Amino acid sequence: MEKEEQTIAKESKPWADEKGMVLEPPKTASTPSWFTPKRLLFIFCVINLINYLDRGAIASNGVNGSERTCNKSGSCTPGTGIQGQFNLSNFEDGVISSAFMVGLLVASPIFATLAKSVNPFRLIGVGLSVWTIGVIGSAASWNFWSITIARMLVGVGEASFISLAAPFIDDNAPAAQKTAWLGIFYMCIPTGYAIGYIYGGLVGDHFNWRYAFWGEAILMFPFVVLGFTMKPLQLKGFAPAESKKALTQVETAASEDIEVEIGNSGAASTKEDFGDKKLYKPAKVKGANKTSNQFVRFMKDMKVLMLDKVYVTNVLGYVAYNFVIGAYSYWGPKAGKNIYNMSNADMIFGGVTVVCGILGTITGGFVLDFMTNTIPNAFKLLSMTTFIGAAFCFGAFCFKSMYLFLAFFAIGEFLVFATQGPVNFVCLHCVNPSLRPLSMAMCTVATHLFGDVPSSPLVGVLQDHIHNWRETALILTSILFPSAGIWFIGVFLNSVDRFNEESEREVNRTPLLESKTAERKESSAQS
């Protein structure tokens, strides 16, 4: 009889769980009328562009400057920019480049985990606010430690955007153009760097390096406002943060045991009795249990990622790749100026990088879609373009002619940047949809922690030791060959595209692309 009564109660309350508790139906997020998939892509591309413009600006000769030099007679030439004003060695200068990575590494997994209980779109708004505070702090810094801490805040702010923007784009891109859309988004990395070189060179040379950071804060501020004022979007694989379903995801095992005991004893036979505060543990204990449960969930998700051979192989190849690209982006203008006596190194490197970055990244995305965007095809493209691109870049530094160097280096950069869309496609599609933010976050952590975070200061140490920028560049470039080899191994792994797998936290949500199509059909039918 008791089982029959429970069955009747559940049938009369379609949103009751197996314990008879009444839950609110999960709400399908209503699509903000202003948003379309292309507008979403455009907004995220501009934000990404500003993020990497900042990295290019701080690496430019106009902002970064040069160290103080003295000749044998004892006369010294004062340094310029950040390095000259704060009297930094090449190692300390490299640390400033990598400092923002520290904040990014710590905050990326935190934002990815919070996405399960806080709307991801709002988290991006929070991150952009911290980023803006960080660049303002960079402009107002007065010594090595103050600018280092400010750069760490920039990394904290960027962490939310890096972890969450790509899954939003992946959700709303047309199925046959997913890699192309990701390619367009990641095209903003080399483009931002290149514009940053030019921007930093112009502002630093004509005004003061501090004005470059003030300008960045002004550019980002409208998007900070947008992140808090626009109606938030929902992400595939996650329940809306305001629904009961989302709240029950973080219930602790202890509180579940209490509910079972209450149900078995009949002590809470009515909704009113169950709502009695006496039946609950103190708020502090419940909060601690919730935090503990989130940590347990994080560790389980991490175990899934670490045991995924496809994911690990993809990330390892990306680590070696990022080691080279990170050092290129920071030391490139300075190396070019010293090796080839480029009078306008910022403008030349910026120009080559922006053209090759845009063309290479977009081409890589479209080529993978043309091949059919599968994980094995992505690995084939990654290994082939990286190997050939590495050969051209290595050969470029062997030439004494600046023009031959630029020609070979441009071809090499074009091929190397073609990896951006495919490598992120693999990260997003080799895992369950609910793991995508964590997948992107941990990929970012690994590639920075073992890639471009150590590469800038290590290249600085290497250059301080051998005092030859050509040899330093050749040693650095050779690391691209192991990267190509690791991605080639991925071609032979048993891979599965998990994008359409159902998640235990899945809710009925409509991508912007589908909702807009439905709206057009509905309006046509009405007319």
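Backbone N, Cα and C define each Cβ position, glycine as well.
Listed in TrEMBL for this protein:
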type	residues	note
REGION	1-23	region 'Disordered'
COMPBIAS	1-21	compositional bias 'Basic and acidic residues'
DOMAIN	40-502	domain 'Major facilitator superfamily (MFS) profile'
TRANSMEM	95-114	transmembrane segment
TRANSMEM	121-142	transmembrane segment
TRANSMEM	181-199	transmembrane segment
TRANSMEM	211-230	transmembrane segment
TRANSMEM	310-331	transmembrane segment
TRANSMEM	347-371	transmembrane segment
TRANSMEM	473-493	transmembrane segment
REGION	505-527	region 'Disordered'
COMPBIAS	516-527	compositional bias 'Basic and acidic residues'
Report summary line: Under 8 Å Cβ-Cβ from the transmembrane segment (121-142), and at least six residues away from its ends along the same chain, one finds 47, 51, 54, 58, 100, 103, 107, 111, 114-115, 149-161, 164-165, 168, 210-214, 216-217, 220-221, 223-224, 226-228, 230, 232-233
Report task. Mind checking which residues of the chain, 6+ beyond the ends of the transmembrane segment (473-493), have their Cβ under 8 Å from one of its Cβ atoms? Result -> 309-310, 313-314, 316-318, 320-321, 323-324, 327-328, 335, 339, 375-376, 379-380, 382-384, 386-387, 389-390, 393-394, 397-398, 416, 426, 455, 459, 462
Query raised in the report: What mean pLDDT does the predicted model reach across the domain 'Major facilitator superfamily (MFS) profile' (40-502)?
Result: 79
